[in-house]
There are 2 protein chains.
Amino acid sequence: MPESIPANSVGLVTPQSARFSEPLQLESGRTLSEYTLAYECYGALNAARSNAVLVCHALSGDHHVAGYRSMDDRKPGWWETMVGPGKPIDTDRFFVVCSNFIGSCKGSTGPASINPATGQPYGLDFPIVTVRDWVQTQARLADLLGIERWAAVVGGSLGGMQVMQWAIDFPERLAHAVVIAAAPKLSAQNIAFNEVARQAIMTDPDFHGGQYYAHDTKPRRGLALARMIGHITYLSEDAMRQKFGRDLRNGEHLAFGFDVEFEVESYLRYQGRSFVERFDANSYLYITKALDYFDPAAPYEGNLAAALAPARAHFLVVSFTSDWRFSPARSREIVTALYANNLPVSYAEIEAHQGHDAFLMPIAQYVDVLGGYMDRVGRECGA
Amino acid sequence: MPESIPANSVGLVTPQSARFSEPLQLESGRTLSEYTLAYECYGALNAARSNAVLVCHALSGDHHVAGYRSMDDRKPGWWETMVGPGKPIDTDRFFVVCSNFIGSCKGSTGPASINPATGQPYGLDFPIVTVRDWVQTQARLADLLGIERWAAVVGGSLGGMQVMQWAIDFPERLAHAVVIAAAPKLSAQNIAFNEVARQAIMTDPDFHGGQYYAHDTKPRRGLALARMIGHITYLSEDAMRQKFGRDLRNGEHLAFGFDVEFEVESYLRYQGRSFVERFDANSYLYITKALDYFDPAAPYEGNLAAALAPARAHFLVVSFTSDWRFSPARSREIVTALYANNLPVSYAEIEAHQGHDAFLMPIAQYVDVLGGYMDRVGRECGA
């Protein structure tokens with residue numbers, strides 16, 4: 001709980017929710033007849049409706065980007081460091097929107113929601129959703145909010161993939177695209193890590209084919225393992241060394257047993273356990289699948305420049321030196337494809353030891369780069 | 001099954017076994033009252049007993065290094081490419097020995113063996129064993145075989161760690177130490193991967209606290225997951241891209257479901273499934289723990305040069321450019337510590353895209369380096 005809300009926070013915020021009853025045609029070929037999007041907004045939309053910024057969240061994120069939902073909140077939103085009054089995404093200037101994507105478990109329709117056809121939770125009957133589907137739902141939310149064109153669409157990791165998809169699918173509806181710590185598609189190694197995570201969940205005897213809701217249980221072990229695997233890939237080897245090294249949990253003495261011996265083991269077990277309390281295992285399956293499927297260049301025989309040909313936005317692409325999940329080389333693939341289309345691109349490779357997680361952290365050079373770019377976005381849109 | 005045994009193979013081999021009844025004082029403080037070592041030998045010990053080479057195996061390896069155990073064998077031993085007549089470790093010149101380490105499940109005493117105190121399998125009552133313990137058992141085997149001094153002790157990965165320990169604990173008993181694709185200790189990231197693998201096994205409901213033998217089951221799901229995680233770390237990202245890329249299992253069309261979609265998923269699931277048939281889950285726990293604990297510099301406040309001060313051997317250290325499990329930087333730490341002791345060291349960093357698994361492969365430069373070095377070993381020992 002914050003004793004008082006810091007002055008540079010958006011403060012107390014209220015999540016909102018919108019119901020869409022026009023059927024959504026999904027990339028898989030299936031249709032979602034109706035769905036809910038949970039979202040949050042900060043700042044004020046100006047009269048010209050020109051100062052709106054869409055933030056796209058990543059795998060385990062949600063629409064609670066900044067501020068506190070109550071005075072009992074232990075922590076603010078996941079991007080508090082970047083979004084707020086006077087911050088890089090300045091809520092004194094911008095109207096900031098973030099919606100939770102469908103398939104998730106944070107308020108938008110997903111596998112834990114009730115399937116109107118059966119009256120039971122969807123489970124694995126929920127359709128596979130993709131980054132393209134998410135962008136469609138975000139466009140409908142923009143319509144609802146009366147936003148014809150975003151001053152910028154911004155996102156890190158899986159969020160950055162949504163930004164790319166926005167630039168391809170709705171080129172006229174965004175002025176700037178900010179793609180952070182992303183990749184144009186998953187590598188075989190990325191897919192491999194996702195697959196082990198999914199197998200951990202789906203082979204857990206408490207998974208019950210995804211209908212664990214009816215069994216008053218959930219695949220706790222599997223989801224915890226999935227999260228532990230994920231965490232290893234979010235941190236650089238160097239960050240792990242700095243954070244834990246080979247430090248022992250209980251001082252100097254080796255225990256020679258199978259209980260927690262090293263600090264890093266304790267950290268991972270804690271991360272696994274706590275994730276189970278706040279995330280739905282089926283959602284983890286669906287979101288990792290959306291990651292696997294993202295590959296806008298696939299219809300163009302792998303030619304990313306061809307895939308990005310419709311784009312009209314100005315781009316900022318940001319990567320982090322120690323990110324081995326989506327390395328700077330992956331960001332440079334995006335930059336090269338944008339250059340090939342003669343699109344205006346700024347590229348920043350931030351020196352950071354934190355690995356993929358760096359995109360969530362207030363690293364000075366990163367704050368400066370994003371702040372400087374968003375200042376320009378603000379000046380252009382009259383914010 | 002080989003239609004005929006290739007001429008450059010050691011041919012049909014017979015595993016051997018030795019029972020040791022003198023109690024073994026373990027690094028953990030516990031004692032193993034008696035134990036069996038399974039081993040294989042190839043070539044002939046010369047009259048001077050000067051041409052013996054010890055090969056140390058890695059995590060999932062065993063003492064079956066080369067040749068075929070029967071004409072029905074589908075594959076030869078795990079290092080067939082390097083050990084045999086006219087090969088780098090030339091069985092026409094050397095008497096080659098490899099023993100399966102205790103804690104394993106391939107014939108030496110381990111957690112699946114009967115605990116003489118209870119008449120039941122040890123399970124987790126088996127004591128924690130370490131690299132130092134293994135080297136003690138190998139020294140006793142050397143005594144039994146009448147080998148006072150090895151012409152060389154050779155090993156890759158966890159095998160390379162045993163080689164380092166040999167050089168420290170028995171400096172007068174080896175002339176040459178060949179340390180391949182190893183590290184002076186695990187990093188936090190290495191330990192983290194091992195921990196997730198162990199958690200996968202130990203949280204499997206079929207684990208039964210390690211006494212699954214009595215329940216006519218085994219933690220199949222957990223051990224398969226552990227192996228899948230391991231496999232990702234054995235291959236480089238580049239090797240995975242070359243081997244699988246984003247190829248789909250079933251042609252061009254995306255299935256939009258949770259069955260195998262990409263080739264890399266199919267590969268991993270197969271690797272997991274097949275490993276369960278040939279490896280004991282408890283052994284996987286014990287061996288990953290031995291890896292975690294290996295840190296000869298720990299008693300010297302992390303000073304590896306001080307730890308290696310007793311060493312007298314000549315060293316060959318080999319690393320592979322794309323190995324991210326034990327990267328070349330880790331091998332260079334070993335080289336630097338050896339230099340600090342004025343020990344003769346050759347170091348080869350082999351250009352290879354295969355990742356950690358490269359140490360098992362017949363890469364031309366690697367074959368040449370090892371062959372050239374072993375030729376010198378042979379000339380020095382009169383082989």
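Including glycine, each Cβ sits where the backbone N, Cα and C put it.
From a predicted model like this one, the values you see are computed outputs, not experimental measurements.
Under 8 Å, Cβ to Cβ, and six or more positions away along its own chain, B:S157 (active site, nucleophile) finds B:A58, B:L59, B:I180, B:A181, B:A182, B:R325, B:F326, B:H356, B:F359. Secondary structure at B:S157 (active site, nucleophile), taken from DSSP and collapsed to helix, strand or coil, is coil. As annotated by TrEMBL, active site, nucleophile applies to B:S157.
Residues or ranges marked as active site in TrEMBL: B:D323 (among others). The number of other Cβ atoms within 10 Å of the Cβ belonging to B:D323 (active site), over all protein chains shown, comes to 28. Following the DSSP three-state reduction, the secondary structure of B:D323 (active site) is coil.
According to TrEMBL, the active site annotation covers B:H356 (among others).
Counted within 10 Å of its Cβ, the other Cβ atoms near B:D357 (substrate binding site) come to 21, all protein chains included. Taken from TrEMBL, the feature substrate binding site applies to B:R227, B:D357.
Look at TrEMBL and you will find B:51-360 tagged as domain 'AB hydrolase-1'. Mean pLDDT, taken over the domain 'AB hydrolase-1' (B:51-360), works out to 97 on the 0 to 100 scale.
Taken from TrEMBL, the feature site 'Important for acyl-CoA specificity' covers B:R325. A 10 Å cutoff on Cβ-Cβ distances gives B:R325 (site 'Important for acyl-CoA specificity') a total of 23 other Cβ atoms nearby, all chains included.
A helical conformation is recorded for B:D357 (substrate binding site) in the three-state DSSP classification. Cα of B:D323 (active site) to Cα of B:R227 (substrate binding site): a span of 18 Å. Counting Cβ atoms from all protein chains shown, B:H356 (active site) has 24 others lying within 10 Å of its own Cβ. The 10 Å shell around the Cβ of B:R227 (substrate binding site) contains 22 further Cβ atoms across the protein chains shown. For the recorded site, B:R227 (substrate binding site), the DSSP three-state label reads helix.
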